[in-house]
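Undergrad: The following block contains the structure, expressed as structure tokens.
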Amino acid sequence: MAPDILQAFMTEKTQNAPQSGKVGFISLGCPKALVDSERILTQLRLDGYDVVPTYDDADIVVVNTCGFIDAAKQESLDAIGEAISENGKVIVTGCMGVEADRIRETHPGVLAVSGPHAYEEVVGAVHQYVPPRKEHDPFLDLVPPQGVKLTPRHYAYLKISEGCNHRCTFCIIPSMRGDLVSRPIGDVMDEAKRLVDAGVKEILVISQDTSAYGVDIKYRTGFWQGRPVKTKMQALCEALGEMGVWVRLHYVYPYPHVDDIIPLMAEGKILPYLDIPFQHASPRVLKAMKRPAHDSKTLERIRKWREICPELTIRSTFIVGFPGETEEDFQYLLDWLDEAQLDRVGAFTYSAVEGAPANELEGAVPEEVKEKRLARFMAKQAEISAARLQAKIGRTIDVLIDEVDEEGAIGRSKADAPEIDGMVYLNDETELVPGQIVQAVVEHADEHDLWARLI
């Protein structure tokens, strides 16, 4: 499916206002890339450009690409091709931008190519090909203090660092985004406050490796509102927990100090939710991935986390069919799933990515075997997820409303992140509004979603 151009932010113009340059924008990939798109769009709006929703209305189109796996690269190339065909003036940025030669070879008409988080380069290229109007009046083109956001008004992503110090053999992110660079704690907290002041009810903390926040600067003590705060995940969570909104942690690598976050969840300071990518369970496969290989310790930690915080929701992702994965390894993973009883799980088959060290490993798993293992894996997890959601029937939960139509309201519980987890359906509740937090009793569940009745 071809991506839609995102209509990010529109302002009313006075009848006599000078004509603005008009930019179309396509944002592909993960929430980290979405935050990059928001930053670029914010600067373009500050410079007087309008963001428009169609190719025909745009003077130029920016495509923020994804390069995580080959399928994502192909989607990016297809999006670039569509933008060139429909508009003709295209600037490319994002993770696939590190493969500039391939992009230009496939699409010679591209005007400029830059890599991830190259904000100034992108804005500079837009200025070059569609110069900003000299009569730009910032009072006519007001940008909200929180900047341009591509998410609904009631939730937002908060990126705390860039890059990653790990060298997982299946991943090329460090080659695209570099080593870990943590944002100053004061800057992160200032942005969080702007979001809350703008009405955001849920902050989703993201990075390539959230639990490594501050490692690169030795957990330096920063300052926010006149008080010292360490550049460290626990200190960040404690500070965010004082803001009175939902705080959800994503991309948490299973370092030992993650244990220190669980009491904050039990106390209600941040949401009892961990997005923690385990990737596999077999020690042999994990070693080949260059991931932590202490599966028994991981299970024990999960048990302790749930003892401290019984409401804890654990989401994870896994790769099946990694080079060298035997049937014994895969069965080990299924047995581990049975013990771990994770709440939410995503999985995909291993796919060779250009530049990934895993490509050189022996024991490639046939595609047919990969697909069968994926189906078995997801069937197993569907049983687990269904049972865990069934256990919620009769319980009262908080629901953050995402959308309302003529059939009722759709929201999410504290156990559900946007886009990737389940929904809570409140049938016939047409008077609610997005961003509202309500209490409801769960009446029905399947393996993904809940149906509830408003109290």
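Keep in mind that glycine also has a Cβ here, set from the backbone N, Cα and C atoms.
Swiss-Prot feature annotations, pasted as is:
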type    : residues               : note
BINDING : Cys30, Cys66, Cys95    : [4Fe-4S] cluster 1 binding site
BINDING : Cys164, Cys168, Cys171 : [4Fe-4S] cluster 2 binding site
DOMAIN  : 21-131                 : domain 'MTTase N-terminal'
DOMAIN  : 150-387                : domain 'Radical SAM core'
DOMAIN  : 390-455                : domain 'TRAM'
Undergrad: Summarise the domain 'TRAM' (390-455) by DSSP state, stating how many residues are helix, strand and coil.
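TA: Within the domain 'TRAM' (390-455) the tally stands at 1 helix, 33 strand, 32 coil.
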Undergrad: Which ones in the same chain are close to Cys95 ([4Fe-4S] cluster 1 binding site), with CB under 8 Å and 6+ residues apart in sequence?
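TA: Spatial neighbours, sequence-distant, of Cys95 ([4Fe-4S] cluster 1 binding site): Gly29, Ala33, Thr65, Cys66, Gly67, Phe68, Gly115, Pro116, Ile173, Met176, Arg177.
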Undergrad: Counting across all protein chains present, how many other Cβ atoms fall within 10 Å of the Cβ of Cys66 ([4Fe-4S] cluster 1 binding site)?
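TA: Taking every protein chain into account, the count is 22.
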Undergrad: What is the number of other Cβ atoms found within 10 Å of the Cβ of Cys168 ([4Fe-4S] cluster 2 binding site)?
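TA: There are 19 such Cβ atoms around Cys168 ([4Fe-4S] cluster 2 binding site).
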Undergrad: In three-state terms from DSSP, label Cys168 ([4Fe-4S] cluster 2 binding site) for me.
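TA: It is coil.
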Undergrad: Using the CB centroid of Cys30, Cys66, Cys95 as the [4Fe-4S] cluster 1 site centre, which other residues of the same chain sit with their CB within 8 A?
TA: Leu28, Gly29, Lys32, Ala33, Thr65, Gly67, Phe68, Ala72, Gly94, Met96, Pro116
Undergrad: Let me make sure I understand the structure: which of the binding-site residues listed (Cys30, Cys171) has the fewest other Cβ atoms within 10 A of its Cβ?
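TA: The binding-site residues Cys30, Cys171 were compared, and Cys30 has the fewest Cβ atoms within 10 Å.
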Undergrad: Please report how many Å separate the Cα atom of Cys164 ([4Fe-4S] cluster 2 binding site) from that of Cys30 ([4Fe-4S] cluster 1 binding site), as a whole number.
TA: 15
Undergrad: If you draw a 10 Å sphere on the Cβ of Cys164 ([4Fe-4S] cluster 2 binding site), how many other Cβ atoms land inside?
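TA: I count 22 other Cβ atoms within 10 Å of it.
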Undergrad: Give the residue counts of the domain 'MTTase N-terminal' (21-131) per reduced DSSP state, in the order helix, strand, coil.
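TA: Final tally across the stretch: 56 helix, 21 strand, 34 coil.
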